[in-house]
Amino acid sequence: MVRRTGWGGSRRQRGRWGDLGPSSVPLLPMALPLPASPCRGTGGRRISVFSLSPAPRTRSCSSSVFPPASGSPCLVIQEAGASQTPHNVLPTPTTPSTQAHPTMIHTSASPSWGSHSTPPLASATPPPSCPRPQDHPGLRMGPLIPEQDYERLEDCDPEGSQDSPIHGEDHQPLLHVPEGLRGSWHHIQNLDSFFTKIYSYHQRNGFACILLEDVFQLGQFIFIVTFTTFLLRCVDYNVLFNNQPKNHTRRGPLHSKVTLSDAILPSAQCAEKIHDSPLLVFLLVLAAGFWLFQLLRSVCNLFSYWDIQVFYREALHIPPEELSSVPWAEVQSRLLELQRSGGLCVQPRPLTELDVHHRILRYTNYQVALANKGLLPARCPLPWGSSAAFLSRGLALNVDLLLFRGPFSLFRGGWELPEAYKRSDLRGVLANRWRRTVLLLAAVNLALSPLVLAWQVLHAFYSHVELLRREPGAFGARRWSRLARLQLRHFNELPHELRARLGRAYRPAAAFLRAAEPPAPLRALLARQLVFFSGALFAALLVLTIYDEDVLAVEHVLTTMTALGVTATVARSFIPEEQCQGRSSQLLLQAALAHMHYLPEEPGATGARASSYWQMAQLLQYRAVSLLEELLSPLLTPLFLLFWFRPRALEIIDFFHHFTVDVAGVGDICSFALMDVKRHGHPQWLSEGQTEASLSQRAEDGKTELSLMRFSLAHPQWQPPGHSSKFLGHLRGRVQQDAAAWGAPSTRSPPTPGVLSDCTSPLPEAFLANLLVNPRPPQRDLSPTAPCPAAATASLLASISRMVQDPSCVSPGGTGGQKLTQLPELVSAEMSLHAIYLHQLHQQQQQELWGEASASSPSRPWSSPSQPGSPDEEKPSWSSDGSSPASSPRQQWGTQRAQNLFPKGFQENTDTQKEPLTGPLH
């Protein structure tokens, strides 16, 4: 694991934003009291620590103490890297330095716990002539890239230093805080929480909407509890159902009618019935305690969001009334510009779009990587050989508590993974401890399951019964599952970007499911007959009620009409739609794939058509199935914790050990989130020759390559690192090469004439949909399985890339606002074509590999788990030294793995529990 030292400081300090995250540097000046003798420039001006010049660097693992120049109040401590050319975060003066040579004080290097570790911070002793005061608790600095020199500036103000020139002052720009930008954001101690709340404030539409949303949620909880108690203890159902005479009589012609007031018990009698039930009183006390906890948390969050509103208004110059018209990209751009101008002093410097995404999506990127490696979601084998994925809201909350935010989790809600998880000799001890934590959490879930189940039933009853009465067909509609939002998500993709992409993919994906559904003529025949008979009975009762409304007073007539309507609606959903018959399911799948970008493999599915259908069906599931999963979640969550996650404790510990890196200025993040093609690329996704990843280190389904492409298109100002930039250049070159091979525009027109050539398409998304669903037949012999060949896609991709680079080509004659609105749509269309292009190249490469394998060994089955077809299919190892036999669950998955998930019902697999304890836990 690559160990990168971040900006140091105390890691357990707390402030407004919680735990002290890495690289939190308070702005100077600030409202908090500063240590004595601060650094000052000429005229008593306070200067930023970033305006000071760096000291010379050394390659030895020692610390260098630089005596300051006359009047220089700063002490510099330096650490040298061992393997990379050092870079410095501070600006270098253009003229030679006049500082005295440093005095080297050698220290012994600390022991290394792995080949990728770096020594801890070197110690230094200040000169006797310049005593070093204690650092301010908020001042935290460090390197920007791994294994490089860094400098820490200490306050040391000798007498008369305020009027002395600072070294490099004549050559370096002074970064200072403008007088009008002084607020609570100048002393940020948890940048993860700060950036996350900035994003959440924008997505939740400002402080007023956040306040009302929290108030309504608290009020909804009170309503559900009080109304349910009222229905249980304060209503006389014998009077309401007219089974006994009412409590009092009323004069007049309507004296025999039962009113609601007749069935409601008096308040004293209602309170007495509540007191007579100790269980109900206990549940009400629990509900009151939970409500008070939610109220306290909401109040604390509202104070934080009020500060965020002030930050938006004063620092970003976005008033609340204009927030809805400002996209997130503009907010992020202003945030980065504010940091570059010195108004927000955080590290790394300069702040990039990727740094912001790393902090907002620190835990989410881990979850996406866990899903990519097969550890999420939980799966259960089905009797017919396939498997069912399960990831309810309750299970996702428990996973979050186990791994990230719980008191006994790996991260414990912070930005740093403890050092013990980065040591390979403690993996067995940590796995056993995590198993005990899972067992404890499963026991708590099992104990609370009756209460949670009752709450789920009540909430579903109050939320969906009206919809069932008014529109029963809504439960037959499909919606993206929680599994889809996890498996189809790119690394570093924000929630609103994912929602927009899946929203564009919904219609073609739903059409594909209707077109590719396996034929079931008998089921359709029975459904038609059921619709006819239930509809006939419903029509007869409806006519009778129209003729005489007293028919509704007959017992169970209204209930019968409701049941008949629901039955007809449900049965009609099993009848195939005529408009979907005859449409090519392959074209619809390609149109959906253009926006989904992924179609993860379904374990145990056989046949290409059946596999694609069941994959999509689990991603885009019925609303009724989703509701049923949430209702059963309190009962199934403890079982999956015990029999899915607990046996995989060692694999999960190994995952965090091998796929965690410490990025300077950011903290510990998932290594997949760096989108490093060299480390996590896949040779079958155009990374051949550019990646050094072993089989267990590769991201499946081209996740690294597609995530890198999406992020680079969405953030054109972002500069990718060397290997990633090389991959993007190679991809652009391959696109140009295939586009040239397809033919020049003068001799071969695009599949949709006039859309790309004259730039008259008002909506790029409409163009893309027309292209994918109605492609022009290719003019050369191509595989019938590729309706839009790679060369044709490359030609279109090259054309639309020119449109993105030339905004004047978008909607000629339109206003500037219209052009800016259409540019993101063009970028989305370009990314869709990139996804199709990469999938086509991947398919071609797989076909070539299959052809070579069948030619060399025609008698050997390619996908046999016991006989791998290529060296790459050998069983991978998660450990670089070969000490761990655990392999990637995604690679292990097969028929044998599926059969051993829950042998004999729900029995625990103890294979991973036999790992010996190799070292004590410190």
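Heads up, the Cβ atoms here are built off N, Cα and C, so glycines get one too.
Checked against Swiss-Prot, the domain name for THR228 matches that for ASP548, so both face the same side of the membrane. Looking at 150-153, 462-465, 626-629, the stretch flagged in Swiss-Prot as motif 'Tyrosine-based sorting signal' turns out to be 150-153. Recorded stretches compared: 276-296, 524-544, 551-571; the one with the most Cβ pairs under 8 Å to the transmembrane segment (207-227) is 276-296. For the transmembrane segment (524-544), the list of distant contacts is 551, 557, 560-561, 564-565, 567-568, 571-572, 574-576: same-chain residues at least six beyond its ends, Cβ to Cβ under 8 Å. Within the same chain, residues 217-218, 221-222, 225, 229, 232-233, 451 sit at least 6 positions outside the transmembrane segment (276-296) and bring their C-beta atoms closer than 8 Å to a C-beta of that stretch.
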